[in-house]
Amino acid sequence: MQEGTDPYGEIEISFGYQCNNKKIGIPEDKIADGREVLGGFRLQKTSSFSCLSGAALSGNPTLANTNICNGVIGSEILPSLDSPKSFRKVPSSPALSKLDILSPSLHGSMVSLSCSSSTSPSPPEPESCYLTSMSSPSSVNEGFLLSAMEVQVAGGAAGEDRVQAVCSEENGWLFCAIYDGFNGRDAADFLACTLYESIVFHLQLLDRQMKQTKSDDDGEKLELLSNISNVDYSSTDLFRQGVLDCLNRALFQAETDFLRMVEQEMEERPDLVSVGSCVLVTLLVGKDLYVLNLGDSRAVLATYNGNKKLQAVQLTEDHTVDNEVEEARLLSEHLDDPKIVIGGKIKGKLKVTRALGVGYLKKEKLNDALMGILRVRNLLSPPYVSVEPSMRVHKITESDHFVIVASDGLFDFFSNEEAIGLVHSFVSSNPSGDPAKFLLERLVAKAAARAGFTLEELTNVPAGRRRRYHDDVTIMVITLGTDQRTSKASTFV
């Protein structure tokens, strides 16, 4: 990407990924003794994506990193993870591991995962939040996704949003996450520096469990570890369910640890009780696309139907009061509360029905930390906001073209069908272009027209005031298949 002035704003962050057209994985005889990739699952497969394009546009001011947890997150961890210009290799001793905020519940999770089947976990009991150097238990192989030979990371902040992408082409997987923060970016920052590592840790535990377990399913005996070099277990239903459970456990753990941190620091920062974040995670492992979401960010698949026409398939659920299913769930869970939805928001405060954080709508003690009109009256039966995610796994087929992963700001202006139509049209005529940046350009043009501005007038409106015309918008486009093309990704702030 050329440096210089951009008509849609100043481009401060630019990253993108282009897959090589080669076999993914390395031969077993080339792996040193004791070397494990993808937690022991030695994948010999071709990547099911060809490139990644991403972009983010700020409507809110992009503030300094959070100062929670004694400032360690904002001053040490996030700077080591953010890569504003390109994907870069994960350092051998990532600063990410300096945050041992998850240690107590990680040890509990290790015990429960080793002794239980693949069932949805309950949130772990809150433990004390503390910071120290992190070291995984010796019984779990250190490294996993972080130690794969070609793991690369990119990400950054735009307004209250955070975007994160981690890729290992050699193992054929891609992790993408959008944390759409609200009432501040503390929760989004917390997720950016903890959730990926927590997912990695739980996947290590899954590997350990599968190595110790023998399963008899439909009469077929699977020796899960005695012959692992000859079997790709990432394609088994047992593994798929295990991955979904890992994502679920990691999210519950993040919620527990974040709210514990809020309780510890709310005396000095009472605003933390209202801070929250939507969560959208996609994990592409070989041909399987795992999706987890809380809130109203979306993953939308563009796929060809039987008539060879491109159609949009939403892989996520919209967790808002506008969703009749969600509203009905809320009402059924709080039968004794006649005033749940006020003015189209939960207790008149929040439109999303599921999110991480936002403790004042979950615990009476946290609501009491707020003063005056900020405090929610008649908090009769909390929690009113759920942390139970929607999850699914989609098997990538030859009919699947690309996936749009985006915060709700995109869908304030475009329907799912309009978004995939714009991307398809752009990529068809600009095979080496940047579809995510193009979507943002179209969004800004539409926002300007809607407000009665010229494009230049809108882009000259400073962040903060620009929030009147569009939200923070984060977009990633994952191009599926093995077509070779050049991609870029941009963050506008």
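Every residue, even glycine, has its Cβ placed from backbone N, Cα and C.
Per Swiss-Prot, the features are:
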- 145-480: domain 'PPM-type phosphatase' (DOMAIN)
- Asp180, Asp408, Asp471: Mn(2+) 2 binding site (BINDING)
- Asp180, Gly181: Mn(2+) 1 binding site (BINDING)
Between the Cα atoms of Asp408 (Mn(2+) 2 binding site) and Gly181 (Mn(2+) 1 binding site), what distance do you get, rounded to the nearest Å?
11
Mean per-residue pLDDT computed across the domain 'PPM-type phosphatase' (145-480):
91
Count the Cβ atoms, other than its own, that fall within 10 Å of the Cβ of Asp471 (Mn(2+) 2 binding site), considering every protein chain shown.
25
Return the count of C-beta atoms lying within 10 angstroms of the C-beta of Gly181 (Mn(2+) 1 binding site), excluding that atom itself.
29
Tell me the coarse DSSP state (helix, strand, coil) of Asp180 (Mn(2+) 2 binding site).
strand
I'd like to know which of the binding-site residues Asp180, Asp408 has the most other Cβ atoms within 10 Å of its Cβ.
Asp180
Does DSSP put Asp408 (Mn(2+) 2 binding site) in a helix, in a strand, or in coil?
helix
Using the Cβ centroid of Asp180, Asp408, Asp471 as the reference point for the Mn(2+) 2 site, which residues of the same chain not in that list have Cβ within 8 Å?
Asp161, Cys278, Asp296, Ser297, Ser407, Gly409, Asp412, Asp472, Val473, Thr474
